[in-house]
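Okay, structure first, notes after.
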Amino acid sequence: MTPIRYELIKTCKQTGARLGILHTPHGSFETPMFMPVGTLATVKTLSPEELKEMGAGVILSNTYHLWLRPGHDIVKEAGGLHSFMNWDRGILTDSGGFQVFSLSEFRRIEEEGVYFRNHLNGDQLFLSPEKAMEIQNALGSDIMMAFDECPPYPATYEYMKRSVERTSRWAERCLKAHQRPNEQGLFGIVQGGEFEDLRKQSAQDLVSLDFPGYAVGGLSVGEPKEVMNRVLEFTTPLLPANKPRYLMGVGSPDSLIDGAIRGIDMFDCVLPTRIGRNGTVMTSEGRVVIKNAKYARDFTPLDPNCDCYTCRNYTRAYIRHLIKCDETFGIRLTSYHNVYFLIKLMEQVRQAIREDRLGDFREQFFEQYGFNKPNAKNF
């Protein structure tokens, strides 16, 4: 029996979005869901207890970073990631592919894998499908990702075609190398850029290998939102309806709603903690850059419609003061609020699917948040 199972509960009559349950070895979680990112086995500044209190079900950790520090052997010795970081809900690990392609100045792609430089000290490293499986098997995540090539955006059709073919061959090698198929579910990653025929080829190749779940990769890499939505429109229908669908690296509120409408079940992004560290927060009325002088004497919560720990206890003026003074507590408060905001947004999305009104919810949310204004900012 596969360790990862998807159960479809309902399809929204208004939009076609899916309400479902993702069953994992560490619990069952409603989808569509947002997964906070804990790159180095921690969601920056937040404790596992706080994440639970917010309602997080699955969190993400990063294969590449944990391989370098502290080393997958140490995590394995600790009893796996769950035990190492004291998290008893779901964990998804990415394959390390994206980091190899985004962090390393120097890299050489060969059929057997990728040679690249360690971004910390410049040492030469080699990552292959087999190595990515070995690391993730040691980490013991509930969901592992296949090692794929992450092409740059934009890329030529010829480059993308070769890349898709290589990713399919690597996916097959990942399945063969996966040592714990009864404990950890391995997802395939559909690539192909913005080319419909290549997405189709990639999806067909991977579906024929019968993974327990599928990710759509190569989006949110700099392409316009319209391109991402168009690619999702022709890609998600190619994936099996009885398996979970995961859109990698996407976390802005508009893209979460638009992704769900296009049949996506799982999302992850560093966005809430990254912008939180810069003093930017998402609220029901749009984006607030808390460092701005106009908040110096604003003694109201970050978001008057939010009941998170931050909004129940602290004011914009106080949080602005902390952020301006580089106080860690300020970053904790903005990060807590932002992660909570996206987890609650997905609860609202699920409720709207239940009531067949996700299209109406989208209109209302976009209007309130300010996405409908000309020159609206991304998040």
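Glycine too: its Cβ is placed from the backbone N, Cα and C atoms.
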Next on the checklist: Which range is it, out of 179-185, 249-255, that shows up in Swiss-Prot as region 'RNA binding'?
Outcome noted: 249-255
Checklist entry - Same Zn(2+) site as CYS306, CYS308, CYS311 according to Swiss-Prot: which of HIS321, HIS337? => result HIS337
Checklist entry - Which one of GLY71, GLY122, GLY213, GLY218 goes with ASP94, SER95, GLY96, GLY97, PHE98, ASP148, GLN191 at the substrate site, as Swiss-Prot has it? => result GLY218
Checklist outcome for this item: Candidate ranges 233-237, 273-277, 353-357; Swiss-Prot annotation region 'RNA binding' resolves to 273-277
Checklist outcome for this item: Counting only residues outside ASP94, SER95, GLY96, GLY97, PHE98, ASP148, GLN191, GLY218 in the same chain, those with C-beta within 8 angstroms of the substrate site's C-beta centroid are PHE101, MET145, ALA146, PHE147, GLU149, CYS150, ILE189, GLY217, MET248
Item to check | ASP94 (active site, proton acceptor) and GLY218 (substrate binding site), distance between Cα atoms, whole Å | outcome: 13
Checklist entry - If you skip the near sequence neighbours and keep only those at least six away, which residues in the chain come within under 8 angstroms of SER95 (substrate binding site), Cβ to Cβ? => result THR63, ALA132, GLN136, MET144, MET145, ALA146, PHE147, ASP148, CYS174, ILE189
Next on the checklist: Same chain, not part of CYS306, CYS308, CYS311, HIS337: whose C-beta falls within 8 angstroms of the C-beta centre of the Zn(2+) site? Give them in sequence order.
Outcome noted: PRO301, LEU302, ASP303, ASP307, TYR309, THR310, ARG312, TYR336, TYR340, PHE341
Next on the checklist: Below 8 Å Cβ to Cβ and six or more residues apart, same chain only. Which residues does that give for GLY97 (substrate binding site)?
Outcome noted: VAL114, LEU127, ALA132, MET145, PHE147, ASP148, GLU149, CYS150, ILE189
Next on the checklist: Distance check, please: Cα of CYS311 (Zn(2+) binding site) against Cα of ASP268 (active site, nucleophile), rounded to an integer number of angstrom.
Outcome noted: 24
Item to check | Tally of DSSP helical, extended and coil residues in the region 'RNA binding' (249-255) | outcome: 3 helix, 0 strand, 4 coil
